[in-house]
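Novice: Dropping the structure in here first, questions after.
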Amino acid sequence: MSSELMFNYTFSWPAGPKDVILTGTFDDWRGTLPLVKTAKGNFEITMPVKLANKDDTFQFKFIVDGVWCVSDSYKKEHVSEGIENNFLQITDLVETQEVAGASRIPEAGGLLCGKPPRSAGPPSTSNRKKNKRNNKKRRSKLKKKSTKNNKKSNESLDDNEEEDGVTGTTTEDVTGTSREETPLAEPTNVSKEAPGNFHILPIDQSADTTQSNGIIGGPGPVLVPNPGEIKEFTEIRDVDARELNERLNKKEEVPEPVAGPIVESSVTEKSPALPQADDPIVETKEVAHNVQELTPQVEAVTPLINEPEPLPTPEAQISIPESSKVEPVEGSLQSKLVEKRESTEGVLDGSKKVENKAKKDEEVFTLDPIVNKAPKLPLTDEQTAEGRKSPAVSEEKEKKKKQEKGSKEVKRSETSKEKKPSAKEVKKQTVKAPKKQTASPLSSSTEEPKKKKTGFFGKLKKLFK
């Protein structure tokens, strides 16, 4: 048997420093055992102390915030060369006995964990009195609760009996639900079980080990029953990516130039087979062109048809018969009037040409069946000269037209109830009246019928015919 002696001893240091470390002969003065700071602020640690003999001592020292120092609460010993250490003897260790039933905490440096030793002697009378009072209060509360519960249970039983009498059942058939009637669970003997044994679920050895549990470990690998029949497991091919891309790109580029000329040749071959346009198609185009030219003139005249014609002003009535009588005018004014007359004659000539074209189109393009008519012979020079030299005939026709016009205007004046003329008509009359006076005395006799035919009233006569 070994002669070593071992005791548990608690080393302490008062509160104040941040870190306290214990070192000594047990660790060859390396400073490896730090003290634990308690709730009070002091530092403590409990550790086993070994002694070889009864006369042997345990030498130690404290390192407080990096400074080696000795505690005054322990015995001191002077070593050679002026070094001072704390030490413990066997008598100091025997006084501190270990608590029965306590266990050590290795994380806390060997501190004890257990109930403190109970002090000898009887307990105090004050504690007994307090315990008795508390017990009496608890009993009284329990009695009150029990009486309330009994009353409620009796009332509920009476109600149940009344209901049973109505429905034909008794309370004997009903099972009790109170705590007293519930059976207790059978106690299990824990001592019979071995400390190291655990409950393990039974394993079905007949199941295939290849199949995996889908609930715990997921779906797992799939094992095919016939892997030899699947091509993907046996066939392996090595494909060069560059060669494959070059081959595919060449195939895509080849059809582009070939597809172009084939389409063009088919179009060029089929183009002469199209039917040529007939003559009536060309004529319809010309008619549409002429209609577009006449539309602005028709739009300018339509508002005059809808509106009732006002009574002619006295200025207009006087200017029409007196157009032939022109007084001599000075040279400067006469030149200006001649220029204006030429500009108006150009406009009137253009309107005549448009009207002649419209008449020709109406005569040529009709829906009636075409009959071969004798072509009109062109007029000779003599006939044209006779037409020009007979202004008297044209004057007689104009007088008849004026008389008819006067009768129509009188009828319209009665219906219109003396309505005033619009601003547009007054402007047209005032502008066109001096045009007839600007004619020179030499050419007045020959050009009077042309002006009257193309005047404002001449257009109105054509529309009312």
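Numbering starts at 1 and runs along the chain as it is shown here.
Any Cβ shown, glycine's included, is placed from N, Cα and C.
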Novice: Scan S390, S440 for the residue that Swiss-Prot records as phosphoserine.
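Specialist: Record lookup, Swiss-Prot, feature phosphoserine, residue S440.
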Novice: Report which of S73, S324, S343, S351 appears in Swiss-Prot with the annotation phosphoserine.
Specialist: S343
Novice: With every protein chain in view, what's the tally of Cβ atoms within 10 Å of the Cβ of S394 (phosphoserine), excluding that atom itself?
Specialist: 15
Novice: With DSSP as the yardstick, break the compositional bias 'Basic residues' (127-151) down into helix, strand and coil residue counts.
Specialist: 25 helix, 0 strand, 0 coil
